Amino acid sequence: RECRSQSKQFVGLCVSDTNCASVCLTEHFPGGKCDGYRRCFCTKDC
């Protein structure tokens, strides 16, 4: 199962999953994706 948490450090509109994932790595998450509202959500297995 995958858990999602909105990124605390991502700034601006999320248009690139790669950029989102890079910011999430600095927040100690293994990955991240943009959602439909252009926000960055960090993901991890839970």
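Keep in mind that glycine also has a Cβ here, set from the backbone N, Cα and C atoms.
Residues or ranges marked as disulfide bond in Swiss-Prot (evidence: similarity to another entry): Cys3-Cys46 (among others). Reduced to three states, the DSSP call for Cys46 (disulfide bond) is coil. In this view, Cys46 (disulfide bond) is surrounded by 8 other Cβ atoms within 10 Å of its Cβ, with every protein chain counted.
In the three-state DSSP scheme, Cys14 (disulfide bond) falls into the coil class. Its Cβ taken as reference, Cys14 (disulfide bond) is surrounded by 20 other Cβ atoms within 10 Å in the chains shown. The disulfide bond feature in Swiss-Prot is assigned to Cys14-Cys34 (among others).
In the three-state DSSP reading, Cys20 (disulfide bond) counts as helix. Per Swiss-Prot, disulfide bond is recorded for Cys20-Cys40 (among others).
Summarising the annotation, Swiss-Prot assigns disulfide bond to Cys24-Cys42 (among others) and lists similarity to another entry as the type of evidence.
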Sparsest-packed among the disulfide-bonded residues, when each Cβ's other Cβ atoms within 10 Å are tallied, from Cys3, Cys20: Cys3
Nearest of the disulfide-bonded residues (Cys14, Cys20, Cys24, Cys34, Cys40) to Cys46 (disulfide bond), judged by Cα-Cα distance: Cys24
